[in-house]
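Annotated features, as they stand in TrEMBL:
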type: TRANSMEM; residues: A:6-25; note: transmembrane segment
type: TRANSMEM; residues: A:60-78; note: transmembrane segment
type: TRANSMEM; residues: A:85-105; note: transmembrane segment
type: TRANSMEM; residues: A:125-150; note: transmembrane segment
type: DOMAIN; residues: A:130-427; note: domain 'NADH:quinone oxidoreductase/Mrp antiporter transmembrane'
type: TRANSMEM; residues: A:162-188; note: transmembrane segment
type: TRANSMEM; residues: A:208-227; note: transmembrane segment
type: TRANSMEM; residues: A:239-261; note: transmembrane segment
type: TRANSMEM; residues: A:281-301; note: transmembrane segment
type: TRANSMEM; residues: A:334-356; note: transmembrane segment
type: TRANSMEM; residues: A:377-396; note: transmembrane segment
type: TRANSMEM; residues: A:416-441; note: transmembrane segment
type: TRANSMEM; residues: A:461-481; note: transmembrane segment
Amino acid sequence: MTLADHLPILPVIIPALAAPIVLLVMRRRPTLGVTVSVASCFALLATAIMLMMQVSNGTIFAYAVGEWPAPFGIVLVADRLAAMMLVLTACLALIALLHALVTGADRKGWHFHALFQFQLMGLNGAFLTGDLFNLFVFFEVLLIASYGLMLHGQGPARLKAGVQYVVVNLVGSSLFLIALGMLYALTGTLNMADMGLRVAAVPPEDQGLLRIAALLLVSVFALKAAVAPLHLWLVRTYAVSTPAVAALFAIMTKVGVYSLIRVVPQVFGEGAGAAAWVPAPYLLPAAMVSAIIGFAGVFVARSLSEQAAYAVIGSTGTLLIAVAGWSAESLGAGLYYLAHSTLAAAALFLVADVVARRRGAFGDNASPGPVFAQRGGIALLFMAAAIAATGLPPLSGFIGKLLILKSVAALPDWGWAWGAILGTTFIGVVGFARVGSAVFWKTAGEGTAPAGYATRADLAAPAIALALLAALAAGAGWVSAYTDAAAAQVLDPAQSARAVLTEAGQ
Amino acid sequence: MSYEFLVASAIGVLVAGGIYLALRARTFQVVLGLTLISYAVNLFLFASGRLVVGRPPIWDKAVSQYTDPLPQALVLTAIVITFGMTAFVVILSLRSFLETGSDHVDGDNVPCDAQDGMAGSTAEDGEDTRP
């Protein structure tokens with residue numbers, strides 16, 4: 001076997017090796033530790049892009065860990081969707097890491113870089129795994145790292161939000177395990193592809209159990225994605241996290257959406273009896289409510305970071321409106337919007353931090369304060385991020401929303417979906433305009449802003465995020481062709497089952 | 001009464017108690033509730049391989065019927081994870097109590113001055129008693 005054959009496991013191995021190294025060298029040689037951390041992120045980006053190039057022709061790589069054949073051992077599956085999520089994670093990680101290094105946020109505790117690497121390991125593993133229990137394990141890895149990262153910097157507000165965040169996620173993990181236990185008892189397998197084939201054979205008297213298990217599993221993913229009734233944990237957590245960390249967390253809700261997209265067509269597809277497309281009737285209403293709650297929150301938010309957190313909920317809602325169609329077109333549009341909304345949310349969190357660092361006691365409160373350094377330039381950054389988050393031209397949010405509107409127009413409930421998307425866009429625009437004018441136009445009080453903040457270096461990370469969004473808009477044709485192909489591949493579970501159970505099963 | 005009925009009701013009682021405690025206001029009760037829920041989950045996972053008595057989990061020439069080894073491996077993983085998480089959440093709630101002076105999960109209803117007094121005294125006590 002050459003190194004290329006082992007490509008699918010590298011995104012898990014690289015951070016898994018980097019994290020302990022960083023942990024060991026950080027106290028004595030912080031520069032070396034930071035270098036390792038940055039190098040690991042670059043290596044991840046390179047690996048992800050190589051993987052993406054290999055799968056872009058439609059092949060599905062099934063990597064049997066330890067050469068244990070497929071339904072018995074653990075497989076990693078790299079297809080278009082997984083490769084896309086890996087590239088997105090790596091880009092986001094580099095941006096967040098750059099911001100943490102430039103602003104010195106990583107020096108507020110010893111273990112920022114180690115936790116950051118473990119977080120990346122969990123994210124990459126969750127995107128790659130083809131095994132349901134392994135998905136749980138990687139969820140736990142990324143959650144445990146996220147608890148540490150979320151508390152990074154400490155302080156009473158973070159600790160209080162941290163307790164709630166941890167408790168909610170522990171309950172979520174318990175539900176995940178219950179769902180897994182039921183599915184294993186019913187199908188006798190944990191491999192997603194294998195389970196997808198076996199659910200059809202579940203006897204009629206067990207259909208009720210199957211349906212309960214499927215709904216439990218979907219609820220857990222909905223909790224991670226912060227969909228409407230389960231969104232309450234998100235705002236407080238994200239708003240008090242260190243902004244560089246919050247920017248990385250922008251992809252955490254997308255892990256829930258990804259799991260939904262991955263598991264539902266593969267396991268609970270057409271042949272699943274009582275569990276066929278089980279979340280379908282609930283997903284669209286829940287998605288619309290979360291879009292409305294999210295953008296209403298953008299409208300009433302008291303600070304820029306809180307606003308960014310609400311924008312995460314709103315964008316996840318918009319994304320799920322597209323996913324709820326379960327058609328190749330709408331899912332393709334949704335995946336394009338997923339990439340966009342992750343970067344847009346990260347840009348919002350970073351701009352909020354840039355503002356807070358210059359306004360002293362005013363922080364990122366959505367109230368007028370004294371004039372602060374580089375206000376004009378930052379106002380432009382905020383405007384660009386707001387344009388991206390609400391989905392106005394010329395950035396990629398507009399194209400994403402346009403694709404979603406176009407694709408859901410073919411579905412039966414399109415009127416509701418259009419109403420929710422267009423209405424929330426309007427509320428979002430007004431909300432961002434209100435906060436933006438309060439922070440950047442109005443002036444109250446005399447120069448209490450800390451002087452001497454002359455560096456512009458911390459503008460780099462949000463600017464890069466916005467540049468990526470512009471690139472996403474410029475390359476929209478290529479990207480949306482890729483996401484359409486990824487959606488078609490996800491909705492054809494037979495293809496991936498063949499790849500997993502025959503290639504890796506030898 | 002069958003074996004299955006006993007295990008099922010034990011799981012049910014654990015979950016009921018766990019949910020009740022997890023919905024309480026103070027962190028200690030919530031942590032206990034989470035622990036009960038995780039016990040229930042572990043039992044449930046164990047039972048998902050069907051309840052059989054006195055059968056080997058790995059291959060043996062002499063026998064034709066086995067107990068399912070996979071749920072036992074899953075339970076082991078789940079126990080390790082929940083054990084670590086319980087330790088973490090205990091420390092976290094302790095830190096949260098010491099820094100905010102409130103052991104309420106949603107500490108908004110505790111008056112501010114009471115919080116400060118508690119935070120100060122408790123933190124000092126903690127340091128004084130350190131050996």
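Residue 1 is the first one shown; counting continues down the chain.
Each residue, glycine too, has its Cβ placed from N, Cα and C.
Caution: TrEMBL annotation is automatic and unverified by curators.
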Would you confirm whether the transmembrane segment (A:377-396) and the transmembrane segment (A:461-481) meet the contact rule of 3 or more C-beta pairs below 8 angstroms, pairs 6 or more apart in sequence? yes
Under 8 Å Cβ-Cβ from the transmembrane segment (A:6-25), and at least six residues away from its ends along the same chain, one finds 32-33, 36-37, 39-40, 43-44, 47-48, 50-51, 54, 61, 63, 65, 76-78, 86, 111, 113-115, 117-118, 120-121, 124-125, 127-128
Other same-chain positions with a Cβ less than 8 Å from the transmembrane segment (A:60-78) and lying at least 6 residues past its termini are 5-9, 12, 51, 54, 128-131, 134, 189, 191, 193-194, 489, 495-496, 499-501, 503-506
Given A:125-150, A:239-261, A:334-356, A:416-441, the one sharing the most C-beta pairs under 8 Å with the transmembrane segment (A:461-481) is A:334-356
